[in-house]
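So Swiss-Prot has the following annotated:
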BINDING   Cys250, Ser251, Ala252, Pro253, Gly254, Asn255, Lys256, Glu280, Asp308, Asp327  S-adenosyl-L-methionine binding site
ACT_SITE  Cys404  active site, nucleophile
Amino acid sequence: MNFYRDATWVLEDIEKEAAKERISGSMQTLVLKSCKRYKLKSNPKHIYAVLDSCWKYKPYLEKVMKKAHILEDIPKKKGKPLFSRLTLLLLCHDLLLSKQKRIQMGKHPIKDYVLKFKSPLHSEMVKLKLKLKVRELSELVLSEDISNDLPPVRWIRINPLKCHPNGETEPVLAELRKKFTLKVDKWSELVPGSIYYDEFIPNLFGIHPSDKITAHELYKHGKIIIQDRASCFPAHILNPGPSDIVIDSCSAPGNKTTHTASYIYPEPPKDNNTRIYAFEKDPERAKVLQKMIKIAGCSPNISVNVGDFTKLATPEKYKDVTCFIVDPSCSGSGIFGRKFFDSFNRRKIDDKDDDGGIVPDEQEEFIAKEELQTRLAKLSSFQFQMVKHAMSFPAAKKIVYSTCSIHAEENERVVIDLLLDKSVREWGWKVAPKREVIPSWPRRGKVEEFEEVFRDGVTYDPQQLAEGCIRALPKSDGGIGFFAVCFERD
């Protein structure tokens, strides 16, 4: 009974919030907030799983309960019902819609009461399904639920490293056209079976998120790679050539690394010369990185190094490196579609681990602002150190810094801190102009962030600095939220 009591309290909060004109936060946020407020002992994951399902089916359950007259005969004590309407809703949900189709509690008066109505409840549920012309109620809510959790576009890029013999992409594109027969002019026009040719990134295409691609032979053989469009920005901005040597400082899972390789090797490489050094601190993530590199067909040309980039890579050891991609751990606030359970399993920021962690953006509603700012400050300090370390390499001429964060603390303000740093100025680094950073992309950096620091416009032009940065909004711009800036040396 303890679980249903706890879940009822949380459901009461959700119902109150839903009655407002504007709901503050998601279901995940509301569940976590209530669990914290009441100091509940029940597992928040379990509460969320039940309430998420119960809330979706609530209108149907209420109709069934009304028809079965279960709310009319509730026993009373001193004129008040003994059983809560919402607790009964939860029990009816588990009896009718849970996987086990049973109430998860021992002997209790409320359980006995609900089981008295078992037959009429089942009967009314069958009638409702017949009336709605469905076999299961899930048919009515599944499509909406899935669409809310999917990206607006599934982006795929052709991998020239697997396009034999000369990196020709046309045969792969011809195969894609067989599956996706309708070409659309805008990604927002995508429907199942259609394809969009991206205007910003070469060999990148958008398909409808419901279209299955992972079973396709092109995907299995590494000829196409699923990668969000914004995630393709760093390699495209860096645009390294055959003579460049690149370090990807935080490489896993490897999409940016292999995308970078496609610029150095526009066709399958004919030698085993290492041109990219990929660093990953976490050994398990490094295994994923190695697997992705192998699938992409560039294992001989990428050296995977397991360890902290700032400690393992020294300017003396890598004195010939010319280009860097620095995409360090960030708040992840630009990522959408992450399930509630991820918030319990993500890496936390540990005082002993400068690799940072991930802070789910949806938790901002109930994590104290002071705590969030502390986390962002720690992340931005780590990000600053990562980029500054890359800037210290003697042959470095170009660095792309990126995050999947929407917070200025991790984006424009890191750029500002670097520009104000004495060593960075002495090394001759500056923000690359707009013409070198996907100039046709419409959404640029926040000029107001630069105006706060460079008001005089003499040291740096705030407008030019903002235009040298790229931002992408979650979903609105066709994918994840993202930030990218390119530094180049005078």
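Here, residue 1 is simply the first one shown, and the rest follow in order.
Cβ atoms are placed via backbone N, Cα and C, with glycine included.
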What's the number of neighbouring CB atoms sitting within 10 A of the CB on Gly254 (S-adenosyl-L-methionine binding site)?
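A 10 Å sphere around the Cβ of Gly254 (S-adenosyl-L-methionine binding site) contains 28 other Cβ atoms.
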What is the separation, in Å, between the Cα atoms of Asp308 (S-adenosyl-L-methionine binding site) and Cys404 (active site, nucleophile)?
20
Based on Cβ atoms within 10 Å, give me the single least packed residue among the recorded positions Ala252, Asp308, Cys404.
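Output over recorded positions Ala252, Asp308, Cys404: least Cβ neighbours within 10 Å is Asp308.
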Can you check which residues sit near Cys250 (S-adenosyl-L-methionine binding site), meaning Cβ under 8 Å from its Cβ, same chain, 6 or more apart in sequence, and list them in order?
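Residues satisfying the criterion: Phe279, Glu280, Lys281, Phe309, Val326, Asp327, Pro328, Ser329, Met386.
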Would you mind reading off the Cα separation of Ala252 (S-adenosyl-L-methionine binding site) from the residue listed as 'active site, nucleophile', to the nearest angstrom?
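Spelling it out, the Cα of Ala252 (S-adenosyl-L-methionine binding site) and the Cα of the residue listed as 'active site, nucleophile' are 14 Å apart.
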Taking the Cβ of Lys256 (S-adenosyl-L-methionine binding site) as the reference point, list residues of the same chain whose Cβ is under 8 angstroms away and which are at least six residues distant in sequence.
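Counting only residues 6 or more apart in sequence, the Cβ neighbours of Lys256 (S-adenosyl-L-methionine binding site) under 8 Å are Ser231, Pro234, Ala235, Asp248, Ile325, Asp327.
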Using DSSP and three states only, what is Lys256 (S-adenosyl-L-methionine binding site)?
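Note: Lys256 (S-adenosyl-L-methionine binding site) is helical by DSSP.
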Rounded to a whole angstrom, what is the C-alpha distance between the residue listed as 'active site, nucleophile' and Gly254 (S-adenosyl-L-methionine binding site)?
15
